[in-house]
Amino acid sequence: MNPNQKIITIGSISIAIGIISLMLQIGNIISIWASHSIQTGSQNHTGICNQRIITYENSTWVNHTYVNINNTNVVAGKDKTSVTLAGNSSLCSISGWAIYTKDNSIRIGSKGDVFVMREPFISCSHLECRTFFLTQGALLNDKHSNGTVKDRSPYRALMSCPLGEAPSPYNSKFESVAWSASACHDGMGWLTIGISGPDNGAVAVLKYNGIITETIKSWKKRILRTQESECVCVNGSCFTIMTDGPSNGAASYKIFKIEKGKVIKSIELNAPNSHYEECSCYPDTGTVMCVCRDNWHGSNRPWVSFNQNLDYQIGYICSGVFGDNPRPKDGEGSCNPVTVDGADGVKGFSYKYGNGVWIGRTKSNRLRKGFEMIWDPNGWTDTDSDFSVKQDVVAITDWSGYSGSFVQHPELTGLDCIRPCFWVELVRGRPRENTTIWTSGSSISFCGVNSDTANWSWPDGAELPFTIDK
């Protein structure tokens, strides 16, 4: 074999070996790809271990956790199927209240990015509960927190965050521009109601799944306002109460029936001797019960109950265990307004059980300090001040504030009844603590149980003043 033939032979062998090697590499790549596809079930999630991803599907927050194990991604999540929250069940039988959440917003906000806010409340879908709140468009320990004692400003907004977390720009979702608000879930989407604008011309903006669906203009031009707690959804319809008119005299009160964000019916209450503000409402066997604030002349709380056709009944809690603040010492109650210390008030709630009533109230008669739950077995209808259970929640030496009801439907809990719950706002700063330039709050919440509970104090606990205040 001459030299040229040797060169040609060696070159041919090298080319053949190269082609075989290339084919083997291609086969290896195909094999790896096929194996990976089988392992992951054709899912394409990549990333580090324990990566938490939150998606917003069908207007309900759904949590997924992807765990990467040897290149195999396993996904766990909740069923996102929409339901209709019926609200037809009765309230669960309870013997006390178990601590549910505490967000420690003010304590965390001394060092972290936490919103200045007030009027927090909680509402639950069939998948989760969320904290809603009215921010002041400012952060704690920042110059824009100055002057946030003001209730109504163009910087206020309704936002929401995961339950039990301090509300920050990193975990909160914008809902509506608002200085008065409500929100609830019908099983298919969130309804939000945000009121903003001038005192003599405010407008309520209704959104369903984040889209504006309706507006309601102030009809008395006297500070249109709503619940500052959750609205109520029953069989696909949601209900809320709004007030327009004086805070120290007879005003106008309307109930609205809303479906998928559209008002389909409304009525005005005929209640010339009653005053309804900041109602705390809940469903019970297909009807809606609201317990409200009388800022005009009652130290006991007014109530209104109505069915899905908006046929309603009104009254006052008769018990001599008075629920408002300020209020007189417990004594002889009335099924009409108790006018002693009846002026002014604070948002609150109660739960009716037959002739009995769970009353939530501040421990102080004069200041928004402390909080307690009292069971009066005949208090809905009888006027004496006898009660059988008192559970301490916040000590009288610590600040409280607004409080309100929320419920957990059977579709969420798996129970055969509606679980009653409540939240308490723990206000810090001005006007009572003048060492600060700001006003804000944290919150705690409790749910009713038929088992052991604790008597204790769960105060805000922040040490004031902050750096910005000095």
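Even glycines carry a Cβ here, placed using N, Cα and C.
What Swiss-Prot records for the Ca(2+) site is ASP294, GLY298, and among ASP244, ASP324, ASP330 the residue it adds there is ASP324. Binding site for substrate per Swiss-Prot: ARG118, ARG152, GLU277, GLU278, ARG368, plus ARG293 from the candidate set ARG107, ARG130, ARG293, ARG361. Among CYS417, CYS421, the cysteine that Swiss-Prot records as disulfide-bonded to CYS447 is CYS421. Among CYS238, CYS279, the cysteine that Swiss-Prot records as disulfide-bonded to CYS233 is CYS238.
ASP324 (Ca(2+) binding site) sits 12 Å from GLU278 (substrate binding site), taking the CA atoms of both as reference points. DSSP classifies CYS238 (disulfide bond) as strand under the three-state reduction. Between the alpha carbons (Cα) of CYS129 (disulfide bond) and CYS184 (disulfide bond) lies a span of roughly 10 Å.
Per-residue pLDDT, averaged along the region 'Hypervariable stalk region' (36-90), amounts to 52 for this model. Cα separation, GLU278 (substrate binding site) to CYS292 (disulfide bond), rounded: 6 Å. Among the listed disulfide-bonded residues, namely CYS92, CYS233, CYS290, CYS292, CYS421, the Cβ with the most fellow Cβ atoms inside 10 Å is that of CYS292.
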